[in-house]
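Copied from TrEMBL, the annotated features are:
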DOMAIN    B:22-247  domain 'ABC transmembrane type-2'
TRANSMEM  B:27-45  transmembrane segment
TRANSMEM  B:51-69  transmembrane segment
TRANSMEM  B:107-131  transmembrane segment
TRANSMEM  B:143-164  transmembrane segment
TRANSMEM  B:171-190  transmembrane segment
TRANSMEM  B:225-246  transmembrane segment
Amino acid sequence: MAILEIQNLVKEFGPVKAVNGLSFDVQEGTITGLLGPNGAGKTTTIQMILDLITPTSGVIKIFGLPMQKHREETLGKINFSSPYVALPGNLRVWENLYTFARLYGVKDIAKKIDDLADFFNIRSLLSRMTSSLSTGQLTRLNLTKALLNDPRLLLLDEPTASLDPDIADKTRHMLKRIQKERGVSILYTSHNMQEVEEICDEVIFIDQGKLKDRGVPAELVKKYGHKDLNDIFLEIARANEQEEL
Amino acid sequence: MKWHRINALLIRHLYLFKRSVPRLMDIFFWPVMELLLWGFISVYISKLNIAGFNAVTVLLGAVIFWDLMSQSQRAVSIAFLEDVWERNFLNIFVTPLRLSEFLASTVILAFVRILMVGAVMSILAALFYQFNFLMFGLYLVPFMLNLLIFGSAIGLFTTALILRYGTSAQVLAFGLLFLVQPFSAVFYPVSALPSAVQWISYLIPSTYVFEGMRAVIATGMLPTSLLLGAIIANIIYFVGLSWYFYRSFAVVKNKGKLLKLD
């Protein structure tokens, strides 16, 4: 069952078409990689899914409901995390989590924060100022915030960017656990193709706002006759360069 | 509207206030300094014995009212700027929070601020200058509420300008109100203004409030026509500026600039 359906999505910023007739879906309980070079339209697409940018045309359905008509209902069941979007540094970790739990209408807030603090091993950080956390700790805090409302769909924008290999590996394992134990569907952007191969059930390649290809990573590697996703990424990204030349 | 979401934003501001000296100064220190300054000026003018002019009552009343309006405007603008400064818009607006709930929280915050500032300034004015707001009964309360609404409306307008033109417009959060001050007849009646600009004064809700305040102080009666003028002008401003804010938000979302307010 598709938990997210994008149909013929278009976003124009003046003469620039950032997203150009994009269609894809994300199946329930899967981790789907949304891949593409810089400027491909990944972030714009994610922001349209989150209703932060108004699409020029096209349909976004989440849980079968048109997003813009059911904004409150759908946003209550999805969440987002990105290392580029920090929680307010002038609040304590616990205060941030409490505020967002209330925004999501979480019932037993203390228990929810307790459970997630154990899951992400951030109990010792709860009383610290958010601004004092390291990058790895902030990533775990962002993921904790992203699970406060028990989302059915999680949008992750380069969740392991700027993490050292050890923390990045632990983060990937956490994401796998989230998917398996909580049945959360994840739409995942990353420029680390090795990571994408390791974690994603399916990948979607986009470039210049259009769908280029999609499929199971191993099958795509076989189809393109390359040794890994990285080479496929390069082929797709450079195809446009050649077209432009 | 869901109260738990409005409440969440209010709690967040409470967290910020309880440990921030500059934020507390904005509520208590500056208004108190202003009160003391104008209080001494009022006492000095009183000693000049100008017939028919009670400087302490008129000037201190005006200072307190002006500060309440200023607090209301800043509460709305700065609540918005807090999220700009902390780059928190994405986090906030990917929750089910509605724009109306965001605005409601800022207006409630403004109301709490003017209650606190009003209480502190009134107590100090009574202690230092024997100026007692309560001697006018409750007649000043509806005028104070009108100041809250007008201050909030100007705060919304400032916020809309920051949305549209970026944080370079944030200086307006601290200065825009001073553009209306000369025409609002804060410290002098409208009749003191050149007749060519008096019509501008009557387009501003705060003019009716300050004229009304002086009428209450002078007569001890409720000037209903001035109160009605303030209410009608406020409705027009609040509806118009709220529309402008919503429109600006929609434009910014369409341009994809909501997360680029740097």
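Just so you know, glycine gets a Cβ as well, placed from its N, Cα and C.
Here the structure is a predicted model, which means the values were calculated and not measured.
Annotation: stretch B:143-164 has the most Cβ pairs under 8 Å to the transmembrane segment (B:225-246), among B:27-45, B:51-69, B:143-164. Within the chain, the transmembrane segment (B:107-131) has long-range Cβ neighbours (under 8 A, six or more residues past its boundaries) at 6, 10, 13, 27-28, 31-32, 35-36, 39, 42-43, 56-57, 60-61, 63-64, 67-68, 71-73, 75-76, 79, 144, 147-148, 151-152, 155. Among residues of the same chain six or more beyond the transmembrane segment (B:171-190), those with a C-beta under 8 A of the stretch's C-beta atoms are 58-59, 62, 65-66, 69-70, 73-74, 77-78, 81, 151, 154-155, 157-159, 161-162, 197-198, 200-202, 204, 206-207, 210-211, 214. With a cut-off of 8 Å between Cβ atoms, the residues of this chain six or more beyond the transmembrane segment (B:27-45) that come close are 17, 53, 55-56, 59-60, 63-64, 67, 71, 113, 116-117, 120-121, 124-125, 128-129.
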